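Below is one structure, written out as structure tokens; the observations come after it.
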């Protein structure tokens, strides 16, 4: 909205300084500041409103340290989503389909997460929304994203093609498998972020790091000169995603102000599913989805720990009659909790690992 207003003023009256609205870096920075301020200013009121209304009880199977915590208001993801949506609405270009697809993903999976949280904390239905309905929501989003990008001429340049990290000379054409792969990536990443949201600040901080890198890739991919120099796919209009990325990053940072240990609020599935789907869709749109195992390495490790734990337990139970575990508890962050690591230490160390993955991902820009 502000973009079009300021652009109109600049075109009609040509006041000094208003031309800066055309610069992507300015609008990305403005979106970041707006998202941060909304989070910080609305946060205290929002927390007061949620207290006594939407409290998530501590799970019975939670580690002992978790059981010592007071029950916290959940659905904090609403604050994150609101901050993102408003800042993007103010500073991004509405006519860019990349922006709307990411916004659709955030709203869609945020709604699925909200229903799940509402069933758990208000209706007191154990487990919230059943896994099959969550999966249905993820598959539906994947279908919409996949079909839209398949048929919209704006995405016809690359469509089902993508690049291989570290080997830029090679590319892959998914062909008829494009839509199933889109569905798989959206489902896998959104679930991975959801599994990571188990300690104060872990999911929000890690997401901010991951999306920062995606923002850099988006900016470079949307510039024909930079894309050609770095040998990455040129995505016409893809630079506009950087505005969305910066809004996501600072909405997470603003939320982290209240979510850091000891947390005053948690994001719930409302936030984790929305953020996970955003990460997946952004990576797909800028053709960096194959980089996610590196860039989103912490999310991948968390998801793998759960898969390995379940499979190993079932296999050993079938072979010996008694199930065994690889980890003390899954996801991985709970394993370290039970080993005696302080929660703050786990979170900070996982952030450090995320930064290492972030830097490794940026290194791929110069590798031929």
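In case you wondered, yes, glycine gets a Cβ from its N, Cα and C as well.
Listed in Swiss-Prot for this protein:
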- 30-50: transmembrane segment (TRANSMEM)
- 72-92: transmembrane segment (TRANSMEM)
- 98-118: transmembrane segment (TRANSMEM)
- 139-159: transmembrane segment (TRANSMEM)
- 170-190: transmembrane segment (TRANSMEM)
- 201-221: transmembrane segment (TRANSMEM)
- 238-258: transmembrane segment (TRANSMEM)
- 264-286: transmembrane segment (TRANSMEM)
- 345-365: transmembrane segment (TRANSMEM)
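Distant neighbours of the transmembrane segment (345-365): 165-166, 199-202, 205-206, 209-210, 212-213, 216-217, 220, 230, 232, 261, 291, 294-298, 333, 336-337; these residues of the same chain sit at least 6 beyond its ends, with a Cβ under 8 Å from one of its Cβ atoms.
Among 30-50, 72-92, 170-190, 201-221, 238-258, 170-190 has the largest number of CB pairs under 8 A with the transmembrane segment (139-159).
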